[in-house]
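**Student:** Heads up, here are the entries from Swiss-Prot:
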- Cys275-Cys311: disulfide bond (DISULFID)
- Asn210: N-linked glycosylation site (CARBOHYD)
- Asn264: N-linked glycosylation site (CARBOHYD)
- Asn267: N-linked glycosylation site (CARBOHYD)
- Asn299: N-linked glycosylation site (CARBOHYD)
- Ser4: phosphoserine (MOD_RES)
- 1-75: topological domain 'Cytoplasmic' (TOPO_DOM)
- 97-110: topological domain 'Extracellular' (TOPO_DOM)
- 132-187: topological domain 'Cytoplasmic' (TOPO_DOM)
- 209-324: topological domain 'Extracellular' (TOPO_DOM)
- 346-369: topological domain 'Cytoplasmic' (TOPO_DOM)
- 391-447: topological domain 'Extracellular' (TOPO_DOM)
- 469-487: topological domain 'Cytoplasmic' (TOPO_DOM)
- 509-512: topological domain 'Extracellular' (TOPO_DOM)
- 534-601: topological domain 'Cytoplasmic' (TOPO_DOM)
Amino acid sequence: MPNSLAGDQVPNPTLDAIGLVDWSLRNAGTSGSTPGLEEGGTDPWTFSQLKNTDQLKEVGTASKLHQVVSGFLKACGLLGSLYFFICSLDILSSAFQLLGSKMAGDIFKDNVVLSNPVAGLVIGVVVTVLVQSSSTSSSIVVSMVASKSLTVQASVPIIMGVNVGTSITSTLVSMAQSGDRDEFQRAFGGSAVHGIFNWLTVLVLLPLENATAALERLSELALGAASLQPGGQAPDILKALTRPFTHLIIQLDSSVVTSSITSNTTNSSLIKHWCGFRGETPQGSSEECDLSGSCTERNSSASPGEDRLLCHHLFAGSELTDLAVGFILLAGSLLVLCVCLVLIVKLLNSVLRGRIAQAVKTVINADFPFPFGWLSGYLAILVGAGLTFLLQSSSVFTAAIVPLMGVGVINLERAYPLFLGSNIGTTTTALLAALASPADTLLFAVQVALIHFFFNLAGILLWYLVPVLRLPIPLAKRFGDLTAQYRWVAIVYLLLTFLLLPLAAFGLSLAGGSVLAAVGGPLVGLVLLIILVNVLQRHRPSWLPRRLQSWAWLPLWLHSLEPWDRLVTGCCPFKAYSNSHMTSKVAHCYENPQVIASQQL
């Protein structure tokens, strides 16, 4: 099946694909079927299409042995692919740090810009995208607050931006499933729900925080009520498993990014070349490095004449610049990540079949019996928080959820609370890490971690507590429906959400608050007006003037993606899917709900 990012040659959705036009108003200049629902097919959001090739027949001893061996090999392959997938994410993060850390340091040094809330938000987003690590971005903020380079009030928008920027990883992972229309629809919608939740929370809490400083005051109250004592480090289970492999590829000096911000040392390399010393240390004890190179980081202060130990990784002693190594690691890690994702998806489709698939889906997506069904989502939040806490990485957890959504194991309604729990889990990890800070920076580190925690907790109260306000779910479905037919929309979404729109807002904020209000105010008002008109078109068209009851009076390119799709398809050498490919699916027994229901355990 071709991996296409161009538009599909199927009935094209208009703006109704994202909920902006009433489907009953088909005189708007375009026509099409309900987004996300194939002709004569099933809705990929509500029905998983895991393939079942099992035959209900008696098998002999040799066949049973073959099945056992095959199942064991598939399980080993799945675990191995998952391991290298996680390692590739770690190396990808290192690559982004090598490519963008110096730029991130330069951005953070402009204190005048950081005092602007909108600029602070954008800086948090861009820096987290550049370094691919919310932990690194948070540690930078903590260091700046502790060194008095940044006030706690100015750090709040940056923390919000860090929360938004970390959702790009799952979106990038979903792109690897663009070869299959239904899988990409579910995977991209699942990754988008995380980013939509973060952006909606920012849109509500940033103005509120700017007006009332609610999060800052709440964190101060929590600090006043607690008796803080420096604690131990947070558990590091996942790193303990992946470090033996990733440290053979690359090792970075994590202190260089922070030191480049709090001081003027900007010429140090992020790559760790020296891991320690042979012989006696200044304290009189000998020091040796193990094969992974994990030992005391004193390479920055070592003099050339000392007998130093070279680290054991591919780029130790290399004369390549950080930028060159970053590009090499970026290309290699992306290649390994895509290969591992393809293997994971194929193995999941092979393993999760028939009764096994139904049992797994039932357990993961099941609700408690009435009247306690509402507790299922909150249990999922706790599970997401706990697993993220154990993995020590929200990016790894969310990136692992996306392929499972693509193959239909986890539905969007269950993945949403898992993502919310992941947000909480990463803040509790940051809180434990803050408690391990030195005494002089303990209060600042804990307050920043508490602000991050209360921000995500407020987001859950806003967009999950009341079921009717769970807006990220329908919005994510609309995005998934749209990208399923126009794959280039996924790239546009990535560029707009994490790069172009933040940079545009950043540029306007540099010109001053009045310029930002003069330009951004009318644009925001226009967007809100369009949303209001489209909601009324869908539900109360009689309330609108006749001219506004449809968008037929506008040029086609203003209310339909079809002209844009023709432009992109003509300019880009992507092969589109054909109508026959999309509509030629045959309903097998494993795609029949009645047959599956009869095979339930």
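Any Cβ shown, glycine's included, is placed from N, Cα and C.
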**Student:** Other than its close neighbours in sequence, what residues sit by the topological domain 'Extracellular' (509-512), given a CB gap under 8 Å and a spacing of at least six beyond its ends?
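**Tutor:** Long-range Cβ neighbours of the topological domain 'Extracellular' (509-512): 113, 116, 118-119, 122.
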**Student:** Can you give me the Cα-Cα distance between Cys311 (disulfide bond) and Asn210 (N-linked glycosylation site) in Å, rounded to a whole number?
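**Tutor:** Between the Cα atoms of Cys311 (disulfide bond) and Asn210 (N-linked glycosylation site), the distance comes to 47 Å.
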**Student:** Could you give me three numbers for the topological domain 'Cytoplasmic' (469-487), the DSSP helix, strand and coil residue counts?
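**Tutor:** DSSP composition of the topological domain 'Cytoplasmic' (469-487): 15 helix, 1 strand, 3 coil.
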**Student:** Comparing the disulfide-bonded residues Cys275, Cys311, which residue's C-beta has the most other C-beta atoms within 10 angstroms in this structure?
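**Tutor:** Of the disulfide-bonded residues Cys275, Cys311, the most buried by Cβ count within 10 Å is Cys275.
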**Student:** For Asn210 (N-linked glycosylation site), just count the other CB atoms lying within 10 A of its CB, please.
**Tutor:** 14
**Student:** With helix taken as DSSP H, G or I, strand as E or B and everything else coil, how many residues of the topological domain 'Extracellular' (509-512) land in each class?
**Tutor:** 2 helix, 0 strand, 2 coil
**Student:** What Cα-Cα separation, expressed in whole Å, is found between Cys275 (disulfide bond) and Asn210 (N-linked glycosylation site)?
**Tutor:** 45
**Student:** I'm checking region-level scores; what's the whole-number mean pLDDT for the topological domain 'Cytoplasmic' (346-369)?
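**Tutor:** Summarising the topological domain 'Cytoplasmic' (346-369) by its mean pLDDT gives 70.
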**Student:** For the topological domain 'Extracellular' (391-447), what are the DSSP-based totals of helix, strand and coil residues?
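**Tutor:** Residue counts for the topological domain 'Extracellular' (391-447) by secondary structure: 44 helix, 0 strand, 13 coil.
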**Student:** Per DSSP, what is the residue count of the topological domain 'Cytoplasmic' (132-187) in each of helix, strand and coil?
**Tutor:** 44 helix, 0 strand, 12 coil
